[in-house]
Amino acid sequence: MARTTPISLYRNIGISAHIDAGKTTTTERILFYTGVSHKIGEVHDGAATMDWMEQEQERGITITSAATTAFWSGMSQQYQQHRINVIDTPGHVDFTIEVERSMRVLDGAVMVYCAVGGVQPQSETVWRQANKYGVPRIAFVNKMDRTGANFLRVVEQIKTRLGGNVVALQLPIGAEDNFTGIVDLVKMKAINWNEADQGMTFTYEDIPAEMLSECEERRAMLVEAAAEASEELMEKFFEAGDLSEEEIKTALRQRVLAGEIIPVCCGSAFKNKGVQAMLDAVIDYLPAPTDIPAIKGINEDESEGERHASDEEPFAALAFKIATDPFVGNLTFFRVYSGVINSGDTVYNSVKQKRERFGRIVQMHANKREEIKEVRAGDIAAAIGLKEVGTGDTLCAQNAPIILERMEFPEPVISVAVEPKTKADQEKMGLALGRLAQEDPSFRVHTDEESGETIISGMGELHLDIIVDRMRREFKVEANIGKPQVSYRETIRTRVNDVEGKHAKQSGGRGQYGHVVIDLYPLDAEGPGYEFVNEIKGGVIPGEFIPAVDKGIQEQLKSGPLAGYPVEDIGVRLHFGSYHDVDSSELAFKLAASLAFKAAFAKANPVLLEPIMKVEVETPPDYVGDVIGDLSRRRAMVNGQEATEFVVKINAEVPLSEMFGYATDLRSQTQGRASYSMEPLKYSEAPTSVAAAIIEARKAK
């Protein structure tokens, strides 16, 4: 099959917004206008196109959100047909890994702002992420029909609060109830949408006389921004005082792709005004896959490799989201960076080092899904029934393996016990948790050997709340949740030498005999976490028993002698011991090693480590004193403040155990006007009084 849309006509975009800015309505309207102008034809092979939404409503599960394909030829059909893949960006920036991944899958972004609320604290976080990954973007100021809407104020906020070099492409005609349309400053024409057909049709008109001078002023700023793209244009601009429409668009595109400017559009998605003009801006100014640098990865020999957006290169794709569908199983959404793959082909999962067969491949369109036979560079699609693929895995050609995303998932810092409410829930819960863990690699599940409880662990209270909520909504599993438990660690502070461990049972029959002498010493926290050095000389312990000594110690690390928490940052040097020709065995040396380790650990000044979170609070200036006072009561170390006119950002390091319930407390202190984010930072030694209480509580269990 030949390529139907040239890759230069692709736009892989994310729509990202603060909660109240109207992201959902904007996305719906995009699908409405593109879906109406492009009816999906009869699906090849006579397979019926299945109505996806109906199933979704029955199941209460949103599958369409990960990525949707739409087609757009421009408001006036002025372009060749472009293919726009809209990728959902996670609403929650707490999970950096998710935001990071969606930023990798996008080529460009549309930032949606509310014309009343403007730039909110959460908008800053998403903006910083987009800066970090160099994502070109345009802005859409939505809700121009709302009371208090002010387009130019929001444009100014993007400039002052986010540091964006903004260029207004449009001006609104009226605002609030009187918002009737927009002025296109490139064409210098007013656009009015027809309310009778939900804005499907529109007319170009002359600019209202009372707006003419303001439009001319803004147009001059726009042309100057375009002229700065090159010296030739600058000269032409100085001589003629203007540039052609074509020159303006080409120059602005060049500057957007270089990350130098942010074009801004406006409208009201709810009132069906301005969305098509914003789609035109997506085509005019945001990059095709061929406009962005080749994606980098790691080859099999650990050297750096890359893949260009071309069908000719070896196949490489990134699995960026796994959606669970109770009927078809796993849907793995993936972005193809290079090459071509057909349904039925076998690919290589370079992260898990396993082969997978691509069965059915589907693409989502507005509210339909279409089975397709092949995908090519630049495409975004979903595969049904891949068995072992996890979020962030690379799928590639078997003869050209590459890893596109080095996934180093942070270790979970908080755990809770979950208990199914009924026997029926018990069976479903295991399945549900397994599926959710496959989707989200920063979430873990295990069974506590002592209590038999199921323990779930994740990156914070909110993270686990969302998991439990999804378990109830998507899998219909009701469960009781225990109190949050913090994942502490144990380590040592001083070195101890020549500690022996002897396991000897020699009373009749075959005995057991193992004897080791070790040194135990602390390792740097940045290091490997554990090292084992064998310095046995002269065969005092035969070589075949050395791995058993290492294993005996490693088994002790899972549950430390102090309070049963994992032990880290320790090194062991095995340098002496003895054995018995008949009675020595692997088991005997394993037991001897564990005895030596326990004895050495007790003498090596053992300490308890607690997880410290990096906390960032954004609050209006009036509440700074209350917020800092409250953080200090939580044993926080406040590292500094940054103030802008509207918001003060407080950076602090706080023990996780003190952060439970913080969201509620912060809301009540600041009348709901502050927000915070936190992420794991490091482990630090817990104060003696805190450690003593924790150890006591563990022993009482």
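Cβ atoms here come from the backbone N, Cα and C positions, even for glycine.
Here the structure is a predicted model, which means the values were calculated and not measured.
Taken from Swiss-Prot, the feature domain 'tr-type G' covers 8-290. Annotation source Swiss-Prot lists GTP binding site at 17-24, 88-92, 142-145, citing sequence analysis.
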Item to check | Surrounding CB atoms that lie within 10 Å of the CB of Lys23 (GTP binding site), all protein chains | outcome: 21
Checklist entry - Relative to the Cβ position of Thr89 (GTP binding site), how many further Cβ atoms are located within 10 Å? => result 24
Next on the checklist: I'd like to know which of the binding-site residues Ala17, Met144 has the most other Cβ atoms within 10 Å of its Cβ.
Outcome noted: Met144
Next on the checklist: Could you tell me the mean pLDDT the prediction assigns to the domain 'tr-type G' (8-290)?
Outcome noted: 82
Checklist outcome for this item: DSSP, reduced to three states, assigns Met144 (GTP binding site) to coil
